[in-house]
Ligand SMILES: NC(=O)C1=CN([C@@H]2O[C@H](COP(=O)(O)OP(=O)(O)OC[C@H]3O[C@@H](n4cnc5c(N)ncnc54)[C@H](O)[C@@H]3O)[C@@H](O)[C@H]2O)C=CC1
Ligand SMILES: O=C(CO)COP(=O)(O)O
């Protein structure tokens, strides 16, 4: 099976490194919009901008031409969109315009579209309505607890692919379920995608809690009540709340909110230290999706009439309307209620 990954950031590169260990030489192709980055990866055998410590497999193919990267795939192969959420719509549009036969397309991004509050699969469906030229592609999301660095080092990891197409799920398993990576399948795209978006916002909250030295009890409270918010929104949006107890919900929440490799958690820690958000983001060198989708999740919650106090408060902190200290005070000052 051939795999093309679009986007050579930390996660796209790590998955390419993993797959290249198990699929025949030349089957894995990594595309980047940056010719300079590709040249550097070829020359140095490393992705110094996004995954500096990892040696890239020698038989990993690099491609800067999007058409070539897509047209090398047959109907049985797999296309992985590995860009951040902000690039998903444009990326999918370009893919659909280039495709000459049905493709299996899976995306890795975790977030919502900021101005529409659409989930990734809804963004893809919108573009598909406009640009599919009558071809019937299969779509899905691959998500779950997975720091790129650990995956690239070959450490154990379990993920979930969510799709309405069992064939696409099987293709993703054929590509990535090898060695130290397990891939589970689900048909709950809404549950999987909302879990991935909300856990990033909660990781910022956990970072703030830890950065302010509020203690381990406080962090457990943030995560548990945050998980309750996630389950409520998933249910209201038509997903299954129990998906939130799996890898893409609780699993990724535990990882991101407690693991210091998380960019979102780091944003929270640095906000608590009083650094301005623009300064923090400038220093990250990577995307922190929770920052970009907190307002969108808040507006989706309002539209679906779901109470999400922690998530909504993070939107206020990230907008600069409320300080981290004031956010804690307001959340702790809420009226008593049933634990639902
Ligand atoms: N890094 C990780 O451990 C994991 C990341 N993810 C998710 O995967 C997505 C990508 O994350 P990372 O690779 O870590 O991000 P990153 O910040 O390391 O890299 C982003 C990559 O996307 C490219 N890109 C940005 N805008 C683009 C555009 N308009 N067109 C083409 N390429 C574009 C950048 O050039 C860069 O190569 C995010 O949504 C993230 O939440 C999911 C699981 C693990
Ligand atoms: O999604 C991730 C791990 O599953 C990566 O989290 P960060 O984007 O916070 O680093």
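Here the Cβ of each residue, glycine as well, is placed from N, Cα and C on the backbone.
Residues 263, 264 are recorded by TrEMBL as substrate binders, and the candidate that the same record lists for that site, out of 97, 110, 164, is 110. Going by what TrEMBL states, the NAD(+) site holds 7, 8, 9, 10, 11, 12, 263, and the candidate of 138, 141, 148 recorded there is 148. Excluding 110, 263, 264 themselves, the residues of that chain whose CB lies within 8 A of the CB mean position for the substrate site are, in sequence, 200, 203, 256, 262, 287, 288, 289, 290. All chains included, 25 other C-beta atoms sit within 10 angstroms of the C-beta of residue 7 (NAD(+) binding site). Spatial neighbours are here defined as Cα atoms within 10 angstroms of one another, and by that definition the neighbours of residue 199 (active site, proton acceptor) among the binding-site residues 9, 110, 264 are 110, 264. In this structure, the CA atom of residue 7 (NAD(+) binding site) is 14 Å away from the CA atom of residue 110 (substrate binding site).
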